[in-house]
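Structure record follows, encoded as structure tokens.
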Amino acid sequence: MSTHPEPTPAHTADLVVFGGTGDLSMRKLLPALYHSDREGRLSPETRVIAMSRGGLTDADFRGKVDAEVRDGFECRRVRDQVPIEDLAVWERFLARLHHVSVDVGGSDKSGWDALSGLLSGFESRDRVFYLASPPRTFGPFCRELAEAGLVTPRSRVVLEKPLGQDLPSAQAINDEVGAIFEERQIFRIDHYLGKETVQNLLVLRFANAFLEPVWNSLWIDHVQITAAETVGTPGRRGYYDHAGALRDMVQNHLLQLLTLTAMEPPARNDREAIRDEKVKVLQALRPIAGTEVDRFTVRGQYVGAGDMPGYLDEPGSTPPTEASARVETFTAIRAEIKNWRWAGVPFYLRTGKRMPYRRSEIVVQFKDVPHSIFPGGTPNRLVLRLQPEEGIELHIMAKEPGAGEVTLKPVPMSLSFGETFTARVPEAYERLLSDVLAGNPTLFMRRDEVEAAWRWIDPILDAWKADPALPEPYPAGTTGPAGAHELLGRSGRAWHEEDM
Ligand code: BG6
């Protein structure tokens, strides 16, 4: 079986990446585009135009990518070990790259003229403007694009997270961008939606008959959604002090996983039908506000342990401030969805830096059998692993072989994507970039979705801000503060790893 799927016909596009020499571009976007090129998913004429303040020529930029992204490939964990010796494809990819220096908001308009020069004559192509830059630049960049006459009906704009700090700032960004681009042209990215298992969740739920009848409060006790990371935040204080785990991970990634787990079956596999159902879940989240915030949320900050520094001691370009002391690097939340399907089923969300393992997963914990005739049984559990090893596990009860008394043992029925499918599992950004180039917004967040998420997050942020207490400390390399365990322990439950 070929490891390269048949290429689908690709649109010719000009992809303009603002922030094109930055970390995201070098680590994620360019490698993803290279893979797409290698697998025949980029049309031969598609160009990639990086914009930055760097003052680079095309040759400089190609040299930088050649030196840095190739190194990047070697140290990134790419499943099929990119055959970088395949130099012909690499050279072809490098030849697609261009660089334009731009001064957004400045008086020097020569960068915009240079971009116009590159794009003119190609108005019939799809144009994708990818804003891999801080959100404060989104509005000014779109305005300048429009002033330079570069926005065509076939243009799209891609917005990287974070989309604002709270609901009002997200609305302001949406208004600014919406003044130039129509909603159908705006692609708000959440890279979790590009992960293979996340898309598989929809297939698992809606292409198999056996799950749907038990996917509700009659059969499910609770759901846990975890995104645990071993990394800390070295060098990111400037960003992280103003973000924290709630804005950085929960408002987007974890809530997206929650909506896909909890949504009603859409009538069609189409962009609006799926997003309509996701928004309904966000709108049905029970608000957590005021004094309830203490009961239903936990925030923590890692402190030094062994040779791992604490958050406040992480090396960084800026020294810690009062904001640093108050920022959460861990959070756990008990969420509830107020609808018929999910009434009474808690959804526990948890994310943290410097945890003992890197693991993102959705755990669906079923209730116990209504009447047990065997002692020692444990309820079924379905685990959807997003990373590190994408897969699905259903834990069922089985009889241990033996002629004596019946002894039960929970055993996993596992599907490992890596072992089952020979095709390379693409990185999230590969899938999402292909969708942007093809103009398919299904896996991107609509304005109402992003704003509904902020509407639920804002009261939690407000209560934390008003609370003089600092986040609970937890030693680096552990599973978070005691409060996170109490959050489940109060109802006799435990996080997945505690009862493995
Ligand atoms: C990003 C966050 O959106 O997601 C980072 O800003 C986080 O703080 C990252 O590390 C996690 O992504 P992944 O794909 O490694 O789980």
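In case you wondered, yes, glycine gets a Cβ from its N, Cα and C as well.
Going by what TrEMBL states, the substrate site holds His191, Lys195, Asp248, Lys353, and the candidate of Glu212, Glu229, Glu272, Glu336 recorded there is Glu229. His253 (active site, proton acceptor) and Lys195 (substrate binding site) have their C-alpha atoms 11 Å apart, to the nearest angstrom. Among Arg53, Asp103, Val104, Lys161, the residues given in the record as binding NADP(+), the maximal Cα to Cα distance rounds to 22 Å. Looking just at the domain 'Glucose-6-phosphate dehydrogenase NAD-binding' (16-200), the mean pLDDT is 88. Close contacts with ligand 1, defined as a Cβ under 6 Å from any of its atoms, occur at Asp248 among the binding-site residues Arg53, Asp103, Val104, Lys195, Asp248, Lys353.
Taking Arg53, Val104, Lys161 as the binding-site residues under consideration, the smallest Cα distance to Lys353 (substrate binding site) is found for Lys161. For Val104 (NADP(+) binding site), the same-chain residues 6+ apart in sequence whose C-beta sits under 8 angstroms from its C-beta are Phe18, Thr137, Pro140, Phe141, Glu144.
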